[in-house]
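Novice: Okay, these came from Swiss-Prot:
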TRANSMEM  11-31  transmembrane segment
TRANSMEM  45-65  transmembrane segment
TRANSMEM  79-99  transmembrane segment
TRANSMEM  138-158  transmembrane segment
TRANSMEM  179-199  transmembrane segment
TRANSMEM  214-234  transmembrane segment
TRANSMEM  285-305  transmembrane segment
TRANSMEM  327-347  transmembrane segment
TRANSMEM  353-373  transmembrane segment
Amino acid sequence: MKQLIAKWNRVSLVKRIIIGIIIGITLAVTVPESTKWISIFGSLFVGALKAVAPVLVFFLVISAISRHQSGQKTNIQHILILYGFSTFLASLTAVVASFLFPVHLSLTESAKEVSPPSNITEVIQSLLFNIVDNPVHALLNANYIGILTWAVLLGIALRTAPETTKNVIAHFSDAISQIVTWVINFAPIGIMGLVFDAIVTNGLSALIDYGKLLAVLLGTMCFVAFVMNPLIVFLNIRQNPYPLVWRCIRESGVTAFFTRSSAANIPVNLRLSEMLGLNKNTYSISIPLGATINMAGAAVTISVLTLAAVHTLEIEVDLGTALILSVLSAIAAAGASGVAGGSLLLIPLACSLFGIPNDIAMQVVGVGFIIGVLQDSCETALNSSSDVLFTATAEYAKRRKEGKQVAIKA
């Protein structure tokens, strides 16, 4: 048995999830009545995610902000602006795509009983009350807006704390991230249960819905990578951006696609930055920082899946609320780094903007894990390749202003 478990653990998570999906579909189509107990694995998996997600976000944000260092004399300010602007535009693009190609998900009947906010005033009022929520109450009730607010405030307050205090917080953050990793390792079994339950409850049409959702997600990410990002680069360097874009995707994006980790791709990006002849004092800061906060792919995932839930529940969304979602998704995406399935775990934060309960939001997270084999890989490829892309863009824009020749090798 130990040898069997060891062999199973040596198989990549992507392959294990694919196996889980195949088993779930097979059981649901062939012997649904005698294997109904399979669906409990999906419920347990979602329950574990619901339990760990609030604490994860809380400590992760505190640790990141408390350790932020300011005052370095580098080209970092321009890069940070590019990171933030591109992430917001990616989120806005995802919102537009979701309205042009609305996707409906297969949720349980209890998920239909939602009281959505009636207008933008009610949304803002709810948002403000969630911000000032008691931190303990926010953690217990998965009020992610309140959690995010308290985490940011505590992180800022702890920036002047001794290193020992920051190390303790960082260790807590690492420990919770490890727990999340353990939970994610059960994803194949959990997803098997979720797929089984979805097909038994809704039929094979549920898989078609997932296909539509994946098409909107990947289509939006491709648009961001091959249209929006090159446009941002062109406006900064005033020359053909595609040689730089293609090189970043080829030498950074492809690796990130298979590792599915921005953090693991940092050495690749540092080497590529050196090959591009960039300033080491800049890229040694911007690349690790980008792996933390430059999350255009995560912003797309959060926006698309949140609006898929909104369309499913037939909640009316006005222009003001859509813009707030774009900003909120961009901010939330910055907290998705370094965590397996991080962007999916931040979907409840965006869903809370529309009054969608946490249990329904976690069903959407479950759907995200079902399509996560491709979604997470493409998301990471977009995130990580953009780190080098915008670091190089800022460097080349500075050289152009100084009258220096900028030669980009494809």
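Note: Cβ is positioned from N, Cα and C throughout, glycine not excepted.
Given the structure is predicted, the values throughout are model-derived calculations rather than measurements.
Could you tell me the structural context for the features on the list?
Specialist: Under 8 Å from some Cβ of the transmembrane segment (11-31) lie the Cβ atoms of residues 38, 184-185, 187-196, 199-200, 204, 207, 260, 369-370, 372-373, 377, all in the same chain and six or more residues away from its ends.
Cβ atoms under 8 Å from those of the transmembrane segment (45-65) belong to residues 138-139, 142, 144, 147-148, 150-152, 154-156, 158-159, 166, 169-170, 172-173, 176-177, 179-180, 183, 186-187, 189-191, 193-194, 292, 335, 338-339, 345-346, 348-349, 358-359, 362-363, 365-366, 369 of the same chain, restricted to positions at least 6 beyond its ends.
Residues 9, 13, 16-17, 19-21, 23-25, 27-29, 32, 35, 38-46, 48-49, 52, 56, 106, 206-207, 339-341, 345, 366-367, 369-370, 372 of the same chain lie 6 or more positions beyond the ends of the transmembrane segment (179-199) yet place their CB under 8 Å from a CB of it.
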